[in-house]
Amino acid sequence: MWRTGDPCPQPMQLNATELEPCTYLEGYDYFSGSELMFIYVCVFLGFVPILCAGAGYCVVKLQNSKRRRLKIRQEALRAPQHKGSVDKMLAREWLHANHKRLVTVKFGPEAAIYTVDRKGEKLRTFSLKHIDVVSVEESATNHIKKKPYILLRVPSDHDLVLELESYGARRKFVKKLEDFLLLHKKEMTLMEVNRDIMLARAETRERRQKRLEYFFREAYALTFGLRPGERRRRSDASSDGEVMTVMRTSLSKAEFAAALGMKPNDMFVRKMFNIVDKDQDGRISFQEFLETVVLFSRGKTDDKLRIIFDMCDNDRNGVIDKGELSEMMRSLVEIARTTSLGDDQVTELIDGMFQDVGLEHKNHLTYQDFKLMMKEYKGDFVAIGLDCKGAKQNFLDTSTNVARMTSFNIEPMQDKPRHWLLAKWDAYITFLEENRQNIFYLFLFYVVTIVLFVERFIHYSFMAEHTDLRHIMGVGIAITRGSAASLSFCYSLLLLTMSRNLITKLKEFPIQQYIPLDSHIQFHKIAACTALFFSVLHTVGHIVNFYHVSTQSHENLRCLTREVHFASDYKPDITFWLFQTVTGTTGVMLFIIMCIIFVFAHPTIRKKAYNFFWNMHTLYIGLYLLSLIHGLARLTGPPRFWMFFLGPGIVYTLDKIVSLRTKYMALDVIDTDLLPSDVIKIKFYRPPNLKYLSGQWVRLSCTAFRPHEMHSFTLTSAPHENFLSCHIKAQGPWTWKLRNYFDPCNYNPEDQPKIRIEGPFGGGNQDWYKFEVAVMVGGGIGVTPYASILNDLVFGTSTNRYSGVACKKVYFLWICPSHKHFEWFIDVLRDVEKKDVTNVLEIHIFITQFFHKFDLRTTMLYICENHFQRLSKTSIFTGLKAVNHFGRPDMSSFLKFVQKKHSYVSKIGVFSCGPRPLTKSVMSACDEVNKTRKLPYFIHHFENFG
């Protein structure tokens, strides 16, 4: 301390505040200034798949909108033309206390009021035909703050309750309604009612449906008791009040028809309604319906026969004459939705039925005669009922509606009981045997993919550990180079799975026994998803790698790579590496293209907007070109993609060149035929030297519109015919344009449109001729391959021109909603049956959109079918020799029947084509039968259509 008198005077004590600040040693942050851009890039890459998904969603909505507009135009063309303008008004339709919907109310032009949603789809038709007076109720103006309501009521329909925006809008609505009714010579009664009372009394469709639900549930509960675990529901009101509501409810003819799944004017509905309506008051009371249900469920067979007898006895004179029986037959034909039965055939059928029971000398049936006629089928009436498919309560379990297959003579087979462990082992071995090829190639594919990844990972992790690249990027370089090798292999393999001409040619050689060529689409999807995984891993790894590179000094970057040069004073940031280098720029572009392709390949977009899916998939050309360029900068090593791409690329290019032989060949249209159910048959010129097998398909376009847009269709012409033909059902925008263009009302042959095709390509059904016994199952639009196959089969067997065809017996099962949807295919089958002189073909038709197999209508149809088959050896519904069944086929039982009948062969080919649930059910049946480890063995080939 300084004291007074010291030799060196010191004015103050020194401390740190009086000294100059020290400069600390610190490094330079080379990533400084790149933080914001790095975040933007990460966010952008994250949003790319989201934006693509949004674009895909908009495309689906756009296509749905186009389909709705097309549907509205078609309905307008089909509907009778009415002159006059259509008034419109916005309102909210009141459905019940908790639900309203915004609708547009349209007046006319015919005598009807329509409610339409915002998409233009018709929600409800309030018909005013055969009505003279319309009752209109207005809500009272007591509640000024509440919106006004208006109710429209007619005797034969539910009430229409609308909420308007204001009282002025309601006055405007009433004026429009009054003018509209005056135009159609109708009267209107208008009254003012309290709003709450009006809504409480309103009989809307929803309220009526709820009341009918109580009606049917109580009727079935009283008859059969509640189902296991089911509790009787009670409303807030007392149980006595609910019972009283049910007892007071009665069914109109329209509601009874809806419950039966039919129309009010159907002959069967009229006859059955008259039987159930015992007091003939025009409505079915709860007691009348209950008595009918009890009779069908617990009544004697004689009582059930009596109901059928009374249904046929129109004049109630106690006998059925041939005219009344003929009318009943026609009602059954009407139910089956077929017009193949003529007047002469009905007369012949009735005469045959009389003759079978020795009554050919009589012209009418007494009840005893009727019982004698039905004696053979007495057992079929034990369990019959009424399939109320339109009602939510139904005592017939439609989920197990498997058709009666008496024509197959299927006997119950007693399998020996086996230990559960042995059964499991058999199932496991059967699964491996059936899928051994798929399992082997999937295993091989993933082994190669993983080995490629591990080899590059090990090389850059340990073998190149001393290099500057490894020091700067860390383990990220090993991950990105490993994933690059794997994705290069996957993307290159995709080209081989789409070399359709190569796959089609390979099916002709024995090598196809060792390669699952039919599964090339499924393998394409698996390889693509694997490539997607490694692409995402590669992208994320490089984002991390470029971050590490951006943090390095200029001196360190000189040792990183010799391929990149910049000025001595230039400091490259993250934008340089991502957007100013070949690797970065092409990488970002590849990521965007990859996202677009994968998003637009989603099943929903592929189904709803196929044209967009196909156009986006053509970006694969850019993807492969950019992949070849991507590694040329050699930032992380020499390019290796070309090594994987070269072989598959050459094969795929040659395959495309082969397709060009017919793609740009304009083929003349020989003939077109507009068939029922909006199916168009196009017959066109067959190019010289074009060879194909039955069951194959082509990609087709029409030069009249969108000449470059091609769609896949199965060839329905047989290989021995000198022309090509396709049957195309109008479903999407392109097929509707094709149908309308070739409509005889619009088509002008002088325009001379041309057809261009690409193919033909191999299908899953083309190997049918290699099996001595084959089972073919077609469903929906999936029957088209069999039009060619069956024609080819009977031609080859009847003329002995196909020495290489091993097929000696073919069972064809056609599963369709109703005959009405595929009348053209019935004509094909009729022609095939005429040519089948060797009886190699056995056809069975299953109608699925029908009533339960124990329903009264189905039982009566079975009886008529059996009588007609005995009499004329043809079906009453189709005129074919094929037997009709109502319900789904029991595929497992049928395959066991085939297995027992043809035990002398070692394997049987099963071919299915149609919707995915159909092919899955056939595959499950094959698996179930093969588990028994008995010969013959079933080999399943399939294609999914629709």
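The first residue you see is number 1, and the count goes up from there.
Just so you know, glycine gets a Cβ as well, placed from its N, Cα and C.
Predicted automatically and left uncurated, TrEMBL annotations should be read as such.
Annotated features, as they stand in TrEMBL:
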| type | residues | note |
| --- | --- | --- |
| TRANSMEM | 37-60 | transmembrane segment |
| DOMAIN | 264-299 | domain 'EF-hand' |
| DOMAIN | 300-335 | domain 'EF-hand' |
| TRANSMEM | 439-459 | transmembrane segment |
| TRANSMEM | 471-496 | transmembrane segment |
| TRANSMEM | 526-547 | transmembrane segment |
| TRANSMEM | 576-600 | transmembrane segment |
| TRANSMEM | 612-633 | transmembrane segment |
| DOMAIN | 662-767 | domain 'FAD-binding FR-type' |
The transmembrane segment (439-459) vs the transmembrane segment (576-600): 3 or more CB pairs under 8 Å: no
Paired segments the transmembrane segment (612-633) and the transmembrane segment (471-496) in contact, 3+ CB pairs under 8 A: yes
Listed stretch, out of 37-60, 471-496, 576-600, that has the most CB pairs under 8 angstroms to the transmembrane segment (526-547): 471-496
The domain 'FAD-binding FR-type' (662-767) [mean pLDDT, rounded to integer]: 84
For the domain 'FAD-binding FR-type' (662-767), the number of residues DSSP places in helix, strand and coil: 14 helix, 41 strand, 51 coil
Chain residues outside the transmembrane segment (37-60) and at least six past its termini with a C-beta under 8 angstroms from it: 539, 543, 547, 550, 573-575, 578, 588, 591-592, 595-596, 599-600, 602, 604-605, 608-609, 612
For the domain 'EF-hand' (264-299), residues assigned helix / strand / coil by DSSP: 23 helix, 2 strand, 11 coil
